[in-house]
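A.B. asks: First the structure, which I've put down as structure tokens, then a few questions once you've had a look.
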Ligand code: GZL
């Protein structure tokens, strides 16, 4: 069953269109990108958006940003929550094609397996924008642009901070790693960037690495296993705040002090993560901004108008220590 919500009353538009057609007053309706052009008589762009799910604080903030920006931009949004299942995203994209939306945007839950459905969108002359996560398709003509973060850099910044933090260590520093969703671009790339950075210090060793699927529950469950199997854990590197927050429960239940007995590094910088950092339970966060909505809507308008857009639009990001988190929290948008 498809979880699709339309953020304007399309049914009302159909009745209006029938009335206008009967009276010969109907507007043009169809856009020049093979789309429906929104409600009859309006030149609203119709955007079909397939979201990964609602697995983390980051995702919730990203969904809010997309919905608010669509309203602000006067774009009719058809939104689908795929509950972290690729088959649901593929169904949603096919549904958008059938409805002849003007533009499709989506955050691919995993990197692979998109070529067929993206070819169907291309054949239907509906442009596609990748947001947040990337795909590994060799054919770059299957989408117009990508907007999001450099995940390798986020992993590298996390590793570089740890190298500096542990440079005085004379013996092994055992690291456990909570990976994001298996096969997803952020999980693959953050792991890569972190591993490259810590390779400069042979004392730093990842002794266990497993997916917690970007959720708090997953982070807690896998951290419990790590603690049982590894007598000496010095560092936790979690690919997002939510898995780190779940791991906090397991660490304290095991009688250890997070931020002191175990150094904790995470990525995202959502409010709950920043609070844990300010409280000294986390030690470092690399930011990954979910506020992609406004830039996405600008790209949607340009792509719909047939204007050229950059191949890749990267978001500005930074990193935080506990002191920086305390200063940033009062004005944090997400
Ligand atoms: C990153 C995004 C990741 C976040 C997680 O851009 O895809 O997915 O880091 C989220 O919190 O679940």
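The chain as shown is numbered from 1 upward.
From the backbone N, Cα and C atoms, a Cβ is placed for every residue, glycine too.
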A.B. asks: From 285-309, 310-334, which range did TrEMBL mark with region 'Disordered'?
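C.D. replies: The range carrying the region 'Disordered' annotation in TrEMBL is 310-334.
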A.B. asks: Are there residues at least 6 beyond the ends of the region 'Disordered' (310-334) whose Cβ is under 8 Å from a Cβ of it, and what are they?
C.D. replies: 57-58, 61, 64-65, 140, 145-150, 154, 157, 161, 269-271, 274-275, 277-280, 282-292, 295, 299
A.B. asks: So what's the mean pLDDT when you look at the domain 'Periplasmic binding protein' (49-307)?
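C.D. replies: A mean pLDDT of 98 is what the model gives the domain 'Periplasmic binding protein' (49-307).
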